[in-house]
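Enquirer: The following block contains the structure, expressed as C-alpha cells.
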C-alpha cells in the first residue's frame, strides 16, 4: 500500500488526486490565470498597507532611550513566531533588566548606609583610643606584604575610617603594600607574579561564552521544524512497516536531513555573529590609565592594575579600582552608578575613599589602588546583575513587524488551504456514502493536507528578517573597527545612515590636535616663536622678570607634567594645549622641576568648558600667595586691569593698550591660531583653601598663539558630506575669528553661512532661531549647554537626524541628546565615551564620514534583502496555496521548501546583508527621520519580479508537459522537478538583480564581495546535487541537458525583466 505525502519520493507513488479523483477541484486555465492575478493583487494591496501599520504599531521604538512600555508593546504584537529564542536573541531581556535594577537599588541602599555609618564614625573617631587587633596572615607576610586583600577591601568598601587610622592612614597602607607614593610598584616579573597571587587581578567574572551546540539547540526550537519532524517520524515508522527498510524510510529521512541542514547552517551563521559581538564587547571594555611604576609615569591597561599602583586621575576619568586619595585638588566624584545619588561627593585627605566604577566630575588627583577585580564594590555589583542586553534597534523592530504581518497572512492561507482540502475529501466521502468509515489511505491523506499547510507557514513566516539586521550590523561593526570606529550602541549603525546634520568639534576632530606655540605677545612685543632658536631669541629680547613670571605661569598653572620616561627620555604629559605650552616653556630655557619646587601649589581650579579658564594659587618662598590664570583670551583679558610693558613694569591697562592686545588676539585668530591669555594676581600673605580664586584684578602677562593644523582630507570629507545632503556645523569653544578661519579652510563656512558666538545664540528668541539655525554653520565660544540646545532644536524643531561629536565630561548631555553621539577615542574622557554611541578611535573627521557611509550601507543592504525575501515569499506562498487548492498537490514539497527557505533566509542574508559600501552611497540624499523603509522602488521591483515568476510557474504547471513532451508514470515528478529547479534559479538570478535596487549594472564590484560569490556558488552546486543525486530524499528526478538549460534560461530572464523594471519611474513617497 502507498500513500500520497508531499515529500513522497517513490517512483510508484500514487498521488492523492488519483486515489480521490473527485476531490480535485480543477479550474480552466483562464480561471487559474485570473486566480493568480487576483491573489497577486491581494498580496500587494496588503503589503502596501504594511508601512502605515508598521509605523503605527512598531514605530515607538527609538534608536536609543526607548521606554519600557514601547519595548513591551511591540513584543505583544509579535505572536506569530516560529522560534522565539532565535527571533528575540538580540533584543533586550526586559524581565532580567527589571530584576537587575531591583538588585542595583538594593545594593545602592546598602552602600548609602555604609557611607552614613562612616560619616558618623568620623565625628568621634579622634576621641577613641585605637588599638590594632589585626594579625597578618603568614602567606601574606612571606610574600613581602603586611595586609591581606580582605582587610584592604573592608577599609574602602565600608568607608572604615577607624581601620584606616589603625593601619596608619594612606602612608601606612602604602608601606604595607610595599609600594611608594613617588615611585609606584616594582615591575620585576617575580614581584608582579607574587602581587597577583596575593591580591588578584583587575578583571570581572564574565558569563561563559555560548558554545556552537547551544546555537544548534536553539535553532531546533523552531515550531514548524518540530511539526515537520513529527510528520517525518510518522512517515518513517509507517513507511518501514509497510514497505520495509530502506525504501520505506526514504521520505522520513529526506525531511530529517533537510531539517538538520537548515539547523546547522542557521546555527553556524548565528555562532559567527556571536563571536563578532564578543570581539566588539572586548574592544568596548578597553580602558587605558596613567600610573607611576618604577619611578616613571606610564600608560597601562585597566586590566593590568594591581593593589599598590599609584594612578593619576583627571576630569572625566573612570575610577578603575577601589582605592584611597593620596594628593590632588578640587576632586568631585560622581558615585551615582553605585549609590544612585546624583550629587557629587568631595574627596580629600579627610575623606579619601575612591570606588571603582565612579567618575571624576571635577579636579585631579593621585590614587593608591587597594582592591581590584571582583573584590571591589563595582565587581560585586556586576556579579549580582544579570545582563538585560541592549535595546533592539528601530529596524529590528520594524522587520519583526513585517515578519508578524506576513506570518499572519501565511497562517490564514495555511488554515484556508487545510480547510479546503479537508472539505474536498469530506465531500467525496459524503457522495460515496462512506463518511463514517475512514481507511488508512484517507487518514494519511489528512496528514498530507496538514503537511501542505505547515509548509505554507514555513515559507510564509520570514523569521530571518529581524536577524538579517543583526547580521548586517555585526558585519558593519567589525569592518568599522578596522576603519577606526568602535560602535557601542547597535542602533547607531543604522541611524548614522539617516543622519542629516553633523555638529563637529574643531580641536582634534577637524584639526590634527598636534599643537605648537608659534606666536607670542609678551611685554608689547609680538613675534614668531616657532622653534627653539626663535623662542630663545624672543626670551632674550624681553626683561628677565617677565620671563620668570611667564615660566612660572606656564609650569605651575598646568594640568600637564614633564617626566622622565623610559631610557631617561623627557616626556610631556597632558592635553595637546598643555603640551604645547610646556614645550614652549622648555624652549624658552625654563626648568619645569626647578620652577615647581620653588613654590607650593595651594589650590587648583581645573579648566572648565563653561568658565573657559584655569586657575591656580601658589605659595611663594617669601610666604605670600600669587594666583595664575589662563584661558580664552578675551575672557581672561576682560578680568585684567594691568599689564606688563616693554620695560617689564606693571602698568594700568588703559584703552589704548587694551585695544592693542585685542588687535593682537584678532590678528593671531585670523591666522587660524588658537589664542590663550596668561595673567597673574598678587593675593597677599593670607589665603584660605576654601576661598575661590579671584575672578578679577589680574595683570596680563601676555598672549600666545597656538597652531593646530587642519587634518589632511578634512576638506574633501566635508565636501563628501555636502554631496550626500549632510550639513556639517562647527561647534567650538574657541575664538570666533579662529573658528571662522578654520571653518573656511575646511569648507564648512560658506559666503551665505552664519557664524555666531554662544552668548549671542543664547539670547535669541524661538522665532529668531527658526530663521537662524538653517543658515548656522559655526558656533564659537559655545558652552556645553549651547551645544545641547542646538542639538535639541535641530532634532525637534527641524526634524533633523543629528550626529554630534564630543570629548569632554560636559559634552555628555549633548552626546546623550543627539541621535548619534560620537566620542573621541584619543582626547575623549571616559564619561564622554560612556555617553556616546560610537567612539572615533583616531579622532578624525574623515572617520565620521566613513561611519555615515557604513550606516547607509547597512540600511540599503537590509532593504535589498527585504526586497529579495518578500519576492520569494509572495511567489512561493501563492504557488503552493493555489496549487494545493486547485489541483490538490503542492508542486514544492516540504524538503524543497526548506531548501528555498534557507536560500531566502540564512544564505540570502549572508549574501545581501554583508555587501561592502560603495562610494556612490554618499551621492544620495539621506533618508532622514520620516523616510519609509519599504520604498516605492522596492514595491515596484517586488511586484514586477513576483508577476514574472508567477507567470513562468503558471505556464510550467499548465503547459509544461506539452512543452517538454512529458508522459508516462513519472511525468508529474519530472514536471514538479522542473518547476522546483526553475523556481530556485529564478531566486539565484533575482539575488544578483537585488544587489542594486535602482541601477541596471548589478555586476559592479561583485567579485570584491567574496561572501556573495561563495553563497551563490554553494546555492547552485547544492541545487545540482539535490536534483541529480538526492532525488530519492528530495522528491526530484534527474533532468536532461535541455531541461537544465530551459530552467536556467527562465531564471536568467528575470534579470532583463528586473533591468526593465528599474527604468519605470516611481515617486519617492
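Including glycine, each Cβ sits where the backbone N, Cα and C put it.
TrEMBL does not curate its annotations; it predicts them automatically.
According to TrEMBL, the protein carries these features:
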- 1-26: region 'Disordered' (REGION)
- 165-240: domain 'Cation-transporting P-type ATPase N-terminal' (DOMAIN)
- 225-247: transmembrane segment (TRANSMEM)
- 253-271: transmembrane segment (TRANSMEM)
- 405-426: transmembrane segment (TRANSMEM)
- 446-476: transmembrane segment (TRANSMEM)
- 870-890: transmembrane segment (TRANSMEM)
- 896-913: transmembrane segment (TRANSMEM)
- 1010-1029: transmembrane segment (TRANSMEM)
- 1041-1061: transmembrane segment (TRANSMEM)
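Surface or core, plus neighbours and distances: that's what I need for these features.
Expert: The list of residues near the transmembrane segment (253-271) in space but at least 6 beyond its ends in sequence, with Cβ under 8 angstroms from a Cβ of it, reads 7, 9, 86, 89, 210, 212, 215-216, 218-220, 225, 228-229, 231-232, 235-236, 467, 471, 894-895, 898-899, 901-902, 905-907, 909-910, 1030, 1032-1035.
Tertiary neighbourhood of the transmembrane segment (896-913): same-chain residues 228, 255, 258-259, 261-262, 265-266, 269, 455, 458-459, 462-464, 467-469, 471-472, 475, 861-862, 864-865, 868-869, 872-873, 876, 880, 980, 983-984, 987-988, 991, 994-995, 1011-1012, 1015-1016, 1018-1019, 1022-1023, 1026, 1034-1036, selected by CB-CB distance under 8 Å and a gap of 6+ residues from either end.
Long-range contacts of the transmembrane segment (1010-1029) within its own chain (CB-CB distance under 8 A, at least 6 residues past either end) are made by residues 899, 903, 907, 910-912, 914-915, 977, 981, 984-985, 988, 991-992, 995, 1036, 1038-1039.
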Enquirer: Who are the chain neighbours of the transmembrane segment (1041-1061) in space, where the CB to CB distance is under 8 Å and they lie at least 6 residues beyond its ends?
Expert: 940-941, 944-945, 948-949, 952, 964, 974, 978, 981-982, 984-990, 992-993, 1000, 1002
Enquirer: Could you give the number of helix, strand and coil residues in the domain 'Cation-transporting P-type ATPase N-terminal' (165-240) as assigned by DSSP?
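Expert: Helix (H, G, I), strand (E, B), coil: 47 helix, 1 strand, 28 coil.
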